[in-house]
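Q: Pasting a structure below so you can have a look.
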Amino acid sequence: MPGARDALCHQALQLLAELCARGALEHDSCQDFIYHLRDRARPRLRDPDISVSLLTLVVTACGLALFGVSLFVSWKLCWVPWRERGLPSGSKDNNQEPLNYMDTETNEQENSEDFLDPPTPCPDSSMKISHTSPDIPLSTQTGIQENCAHGVRVQRQVTEPTSSARHNSIRRQLNLSNPDFNIQQLQKQEQLTGIGRIKPELYKQRSLDNDDGRRSNSKACGKLNFILKYDCDLEQLIVKIHKAVNLPAKDFSGTSDPYVKIYLLPDRKTKHQTKVHRKTLNPVFDEVFLFPVPYNDLEARKLHFSVYDFDRFSRHDLIGQVVVDHFLDLADFPRECILWKDIEYVTNDNVDLGELMFSLCYLPTAGRLTITIIKARNLKAMDITGASDPYVKVSLMCDGRRLKKRKTSTKRNTLNPVYNEAIVFDVPPENIDQIHLSIAVMDYDRVGHNEIIGVCQVGNEAERLGRDHWSEMLSYPRKPIAHWHSLVEKR
């Protein structure tokens, strides 16, 4: 029956087509019929075919994703272990280290102990690149006379116009809510903010003990050969420096550029210096120096030799020193005495940096602290010319904070500058016990940065003379108290 129905439909369609071709039917009806035939002749996808296609596409995508995941897992599980098995065991051990926190803490403690341990007495390994220059002329060996201080006007540095405003200013800088200095509040803040900080005071005692042990076990850094003789007619001590042997190397080339400075202590104004001998550890000087001194004064004098390594662009390294005293006990003295002395290693803390004289005066009613920088002597030479360009910087300190700072003028090309300059700080009486002064002698450098020659402190937190000077100032108000202070390295 379905076949007969299809044949009947086919005949009906042919009949309609012939009628349209003859024009027996309307044109619009024929056009609708033609469009209907075209639509029936166009191939169409059935709904089941569309569903199967979509399902096939989804299955293919999932299969590709699973295939990629399987490849990645197989590479991780199989390829990486196989590659590591091909490497030697030593490289694997070096690349993979277990995370052992206990070992890490132990290593940090060992590193800190190594950091705190003092260097060896003769730092042969601590070398630096040295750029030498021609020998220092003898014209720079003469002592520098102190500048005449007569007629020098005292300069005052005053900042605020009224004492009440100045006192309020310093209270604001001290973060005080009332005139009384709240020590407990500052200590509480320090405890709260000090968690996790490195406390240097925990290591001071150990470093001092190490320094004492190092000095007791110090060994010589070479030998110095020189000749002493006293001329009774001219009352002169004749010193001939012959040579030095077995000096430690200070340069990367394994050599040094040594020279020797000579003082007849306690006088440091008369200084002699040998020429610089380049790239040698066994220099031969053969230079003669004269020190005018009466024979009766020899017992109280000391001959001080300082052996340095010369460097044009940085500080000269101190190799060591030799001190000779009790000349009258030497064999054959005052005739010619040939001596060999060990060059003793000294740290930078033992280097004589010079002295600074200043006075302190406090006026309780006005709340004014005046420090007058008078002069300095025997400062350490920082320039190639054998001199320095010193100035003094004074800082008002409180609990490690710098509240104010002032500085003097710069004195050119001298090791014995004279200033006579007053610096004034406004400190209320209730705060005078909580502050201290930090004084630094600086070397001015026009090209590079200014270098610190030495420092000293005065106040209740200072040591020895600095504390005594401060206490004497408070005991005698309105009276200038002057003292000499030795300069030390900045810590």
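Each Cβ is built from the backbone N, Cα and C atoms, and glycine gets one as well.
Not measured: the values here are computed from a predicted model.
Okay, these came from Swiss-Prot:
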- ASP251, ASP257, ASP309, PHE310, ASP311: Ca(2+) 1 binding site (BINDING)
- ASP251, ASP309, ASP311, ASP317: Ca(2+) 2 binding site (BINDING)
- ASP311, SER314, ASP317: Ca(2+) 3 binding site (BINDING)
- ASP383, ASP389, ASP443, ASP445: Ca(2+) 4 binding site (BINDING)
- 53-73: transmembrane segment (TRANSMEM)
Q: Taking just the CA atoms, what is the gap between ASP445 (Ca(2+) 4 binding site) and ASP257 (Ca(2+) 1 binding site) in Å?
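A: ASP445 (Ca(2+) 4 binding site) and ASP257 (Ca(2+) 1 binding site) have their Cα atoms 24 Å apart.
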Q: Counting across all protein chains present, how many other Cβ atoms fall within 10 Å of the Cβ of ASP251 (Ca(2+) 1 binding site)?
A: 19
Q: Translate the DSSP assignment of ASP317 (Ca(2+) 2 binding site) into the three-state scheme.
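A: Its secondary structure by DSSP: strand.
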Q: For ASP257 (Ca(2+) 1 binding site), what is the secondary structure state per DSSP, taken as helix, strand or coil?
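A: Reduced to three states, the DSSP call for ASP257 (Ca(2+) 1 binding site) is coil.
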Q: Taking Cα atoms as reference points, which of the binding-site residues ASP251, ASP257, ASP311 is nearest to ASP389 (Ca(2+) 4 binding site)?
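A: For ASP389 (Ca(2+) 4 binding site), the closest Cα among ASP251, ASP257, ASP311 is found at ASP311.
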Q: Hey, of ASP317, ASP383, ASP443, which of those binding-site residues are within 10 Å of PHE310 (Ca(2+) 1 binding site), Cα to Cα?
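A: Candidates kept after distance check: ASP317.
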Q: Validating a neighbour-count step here. Other CB atoms within 10 A of the CB of ASP309 (Ca(2+) 1 binding site): how many?
A: 24
Q: Tell me, in order along the sequence, which binding-site residues from ASP317, ASP383, ASP443 have their CA within 10 Å of ASP309 (Ca(2+) 1 binding site).
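A: Taking ASP317, ASP383, ASP443 one by one, the ones whose Cα falls within 10 Å of ASP309 (Ca(2+) 1 binding site) are ASP317.
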Q: Highest Cβ count within 10 Å among the binding-site residues ASP383, ASP389: which residue is it?
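A: Most Cβ neighbours within 10 Å: ASP389.
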Q: Which one is it, among the binding-site residues ASP317, ASP383, ASP443, that lies nearest to ASP311 (Ca(2+) 1 binding site) by Cα separation?
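A: Checking each of ASP317, ASP383, ASP443 against ASP311 (Ca(2+) 1 binding site), the shortest Cα distance is to ASP317.
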Q: Which has the fewest other CB atoms in a 10 Å radius around its CB: ASP257, ASP311, ASP317, ASP443, ASP445, the listed binding-site residues?
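A: Checked ASP257, ASP311, ASP317, ASP443, ASP445; of these binding-site residues, fewest Cβ neighbours within 10 Å: ASP445.
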Q: Check ASP309 (Ca(2+) 1 binding site) against DSSP and tell me helix, strand or coil, would you?
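A: The residue in question, ASP309 (Ca(2+) 1 binding site), is strand (DSSP, three-state).
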Q: An 8 Å radius from the center of the ASP383, ASP389, ASP443, ASP445 Cβ atoms defines the neighbourhood of the Ca(2+) 4 site; name the other residues of that chain inside it, in order.
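A: Other same-chain residues with Cβ inside the cutoff are MET382, SER388, PRO390, TYR444, ASN450, GLU451.
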Q: Measuring Cα to Cα, how many angstrom lie between ASP317 (Ca(2+) 2 binding site) and ASP383 (Ca(2+) 4 binding site)?
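A: Cα-Cα, rounded: 13 Å.
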